[in-house]
Amino acid sequence: MTTPPHLSDRYELGDILGFGGMSEVHLARDIRLHRDVAVKVLRADLARDPSFYLRFRREAQNAAALNHPSIVAVYDTGEAETSAGPLPYIVMEYVDGATLRDIVHTDGPMPPQQAIEIVADACQALNFSHQNGIIHRDVKPANIMISATNAVKVMDFGIARAIADSTSVTQTAAVIGTAQYLSPEQARGDSVDARSDVYSLGCVLYEILTGEPPFIGDSPVSVAYQHVREDPIPPSQRHEGISVDLDAVVLKALAKNPENRYQTAAEMRADLIRVHSGQPPEAPKVLTDADRSCLLSSGAGNFGVPRTDALSRQSLDETESDGSIGRWVAVVAVLAVLTIAIVAAFNTFGGNTRDVQVPDVRGQVSADAISALQNRGFKTRTLQKPDSTIPPDHVISTEPGANASVGAGDEITINVSTGPEQREVPDVSSLNYTDAVKKLTSSGFKSFKQANSPSTPELLGKVIGTNPSANQTSAITNVITIIVGSGPETKQIPDVTGQIVEIAQKNLNVYGFTKFSQASVDSPRPTGEVIGTNPPKDATVPVDSVIELQVSKGNQFVMPDLSGMFWADAEPRLRALGWTGVLDKGPDVDAGGSQHNRVAYQNPPAGAGVNRDGIITLKFGQ
């Protein structure tokens, strides 16, 4: 199987950026969002292995849940259809930068302050992942990038777990390749927790400070042995310029016993910040040669004084004894595993076949179940089946079943859940809610809820869509949201008087109105100014209504009050306001002697708008 040049009609694959234990990473172009991304694709030779296939998919989901500025973001996951079957991939943030491994190999050790800042950011990323239940398991300089803007980015969350949990012999090299950063518990094959990542990050800090990892050997086995048995040389003895306070932080992170390490990455970060600001860390100070000489000379000159170091030595001996017991337990465990393997081989090839009880692995992760069965000497094969109650990648049952007695070396079929059965969501558009539920139920779906959304008047009370949408596949246990039209959305018309047309339309857009017409009206307001709307302001109408904007022609002036004025005075005043029309002189009226020849009546009245070429009627007193 080869990797196709396009994935899901969206991602154009470019150059290969690198290879991992189970994947290859390509530079790619997201043609939908027009941005560069990095795409991790499961290796073609592993895509047909159900264990790797399911674990890669699950780890992709875990990684996508980690949204943190110091963690390479996961944008999308999916599967590309190839001639040989589905090929899963993960779409990630493309980081333009270099890994710590490349930086140290090119430039050598980093200044302590810079190293502290980088690892402190990495601590934040790891602490966030631990709080979300994800252990990295493969912290190393190659998995920490520094971007072109000096941002720290931790990569490959969870992928190392897929390799470490696998029983495939072909993956041995992938584990050995990171032996220089394995925690002692990883090297012994014990279960690990967040403190294992703290140890590995301590190895990273050691290397970027000194230019070399804490342990170097001729083979991965010898390096792993040193992680379990040997104490690291303090970084300050490997490279100058490193303070004893920073030594203390590194060596506490590299404690053999997890109980003696930082219990969280946040604790390690807090000590790094203390050292960065010139304060002593909480980690115990590492004695220099001068300190030891001073203590010895002090002890020689105080004969007869009670020795407190005897108790310390005794405690240390007890600790070492405990460590020795732990190492013997590990040796015994290894011998036990070898014994089981030898017995299984004898039963298979050289002796009589014996019956072995099938362990109960129901509900376990498939990779763990495979290990448990193969440790009993069984051959295994996996069969994927949908199941509505067992989570994906977990065991539904085995054939033969749990506790059955079968011959050693027989094949056990492991039925692995792919999650609930997937069905295509039918199109229920334009149906009412009841009929839509009936159609969805007939397609196998069981849970529904209604949501209302604005619609055209014709679709009021009708289905306008579903979530997931029609023709998409969904688990039959998922809740299908049926979206029912509630008719046109209504809004209150805002007051836009006094605004020019363009501004008025933008303000109406904010309220959801998008349809407009204009009507020019006589008005003394400036030309082009909105003097009103139809429907009027504050009216509540559907947002798809046409809003008429009444726009001033600017062809009027405001009629002044001419009462008591002689015509000789009134006319110049009107002309000054732009009036070009003619006077309609009405019959004189009886207004008393004092109003003789003065304006006693006018039309239009004072304050009204008058067209500049309009007729004005005046009546004078007699």
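In case you wondered, yes, glycine gets a Cβ from its N, Cα and C as well.
According to its DSSP assignment, D138 (active site, proton acceptor) is coil. Annotation comment: Swiss-Prot describes D138 as active site, proton acceptor.
Other C-beta atoms found within 10 angstroms of the C-beta of N143 (Mg(2+) binding site) number 25, with every protein chain shown included. Annotation comment: Swiss-Prot describes 17-25, K40, 93-95, 140-143, D156 as ATP binding site, evidence class sequence analysis.
Annotated Mg(2+) binding site per Swiss-Prot: N143, D156, in sequence order, evidence recorded as similarity to another entry. Other Cβ atoms within 10 Å of the Cβ of D156 (Mg(2+) binding site), summed over all protein chains shown, number 23.
Residues annotated as domain 'PASTA 1' in Swiss-Prot: 352-418. Within the model, the domain 'PASTA 1' (352-418) carries an average pLDDT of 87.
Residues or ranges marked as topological domain 'Cytoplasmic' by Swiss-Prot: 1-328.
The annotation transmembrane segment is assigned in Swiss-Prot to 329-349 on the grounds of sequence analysis.
Rounded to the nearest whole angstrom, the C-alpha distance between N143 (Mg(2+) binding site) and S23 (ATP binding site) is 14. In three-state terms derived from DSSP, N143 (Mg(2+) binding site) belongs to a helical segment. Taken residue by residue, the domain 'PASTA 1' (352-418) breaks down under DSSP into 10 helix, 27 strand, 30 coil. The local packing around S23 (ATP binding site), expressed as other Cβ atoms within 10 Å of its Cβ over all shown chains, amounts to 21. Other C-beta atoms found within 10 angstroms of the C-beta of D138 (active site, proton acceptor) number 27, with every protein chain shown included. For V95 (ATP binding site), the same-chain residues that are 6 or more apart in sequence and have a Cβ closer than 8 Å to its Cβ are A38, V72, M145, S147, K153, M155. Taking the Cα atom of each, L17 (ATP binding site) and D156 (Mg(2+) binding site) are about 14 angstrom apart. The Cβ of A142 (ATP binding site) lies under 8 Å from the Cβ of T99, L100, R101, each on the same chain and at least six residues away in sequence.
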